[in-house]
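Here is what TrEMBL says about this protein:
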DOMAIN    21-138  domain 'Gfo/Idh/MocA-like oxidoreductase N-terminal'
DOMAIN    158-255  domain 'GFO/IDH/MocA-like oxidoreductase'
Amino acid sequence: MSTTAEQAPGQAGRQEPQQVGVAIVGGGLMGREIAAALARWPALVDHPVRPRLVGVADVNPAALEWFSEIGTVEILTADYRELLADDRVDVVYVAVRHDLHEQIYVDVVEAGKSLLAEKPFGIDGDAARAVLAAVEAHPESFVRCSSEMPYFPGAQMAVRYIESGALGEVVSARCSFLHASDLDRAKPSSWKRVAKFCGEAGVLNDLGMHTWHVPLRLGWRPERVYGVLQDVVTERPGPDGTPVPCDTWDNATIHSWVAQPGAKAFPLTTETRRIDPGQKNTWELEAIGMDGSVRFSTKNPKLVEVFGLLDVPGTGREQVWHHLDAGSQASWPTVTGPNFESGFSDAILQMWAVFLAERAGALGDRFGAVRPEEAALTHEIFRAAVASHEEQRAVAL
């Protein structure tokens, strides 16, 4: 149960952090990553919350075994409902198959627990709306959706540049999330390659939130979209090596138009690919404006490029992409030296820092985690993109 410790001697005026019990449902790749992030919490400077991982649920005993080595974990169970009934749990992180989202998310919210939900926030729009209805009926449950890539320091620099108005009239924007692992046709199939488990939007359900978190938070809501989708690998080896069908989209590009006040609408392109040779979890953001431009890619996570005009002595005025180094600081300050580098695990820590800070009413003007209504909106965008691809026409939202 959340508590605020009494003020320590000699710390007059400083409120002690709120103690929050965290549970994880789904002890796979991301569940372990979250556990590691919580263990690094002392790296954050003056955070108002102190989380403690107290429980994990997974139907696979082997997955639970890894968490048994974490000293704070007191509950290991195959039934997530055991976590929801425990007063030691305040916040639940859920990372399970997409077709399981709706039931588990609704159960978490109805139990009065706060929820950090994995994307895509339900297998489809109906599921997302059911979760939204539960959230509206239970305001005591603070709910956000997971999206860590915008919490790289360079990404935050780019976002702040855009928010400052430095672009002027926006000419175009692009946000991409790129993988290459599915280039291997011999890679075994998984639930993410089966529509009834992943959802009809395929790669958009799996990775698309990464490309829409920043645009939607900036107010760039598309008016109409045109989807270009690819199902490149139609079968993969099953558990016994026999080929099984893969009926989800591998790559998806969404072209859209976004209105802007006092100027013409601009094109926004999002790219979500499982087959993009050479890419390992590459997230990119580019915004082009008449007064300025900015771009960032995790391909080179220290580099932020800012466009401007430069008076070059002896030459005159030139158009220049300036190269800036991003250090270690992103949304919440850390003890890490500002000149050091940052990586994926740091972005996870930053996402949790802003999630728990916002839950405690202490986010301030920082870039927050994905809101439930934003997550639900992505399903509208994905459905329109699939319809657009099937009908070969632009679809209005």
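Each Cβ is built from the backbone N, Cα and C atoms, and glycine gets one as well.
With helix defined as DSSP H, G or I and strand as E or B, the domain 'GFO/IDH/MocA-like oxidoreductase' (158-255) counts 30 helix, 29 strand, 39 coil. Secondary structure counts, DSSP: the domain 'Gfo/Idh/MocA-like oxidoreductase N-terminal' (21-138) has 52 helix, 26 strand, 40 coil. Mean pLDDT for the domain 'Gfo/Idh/MocA-like oxidoreductase N-terminal' (21-138) in this predicted model: 98.
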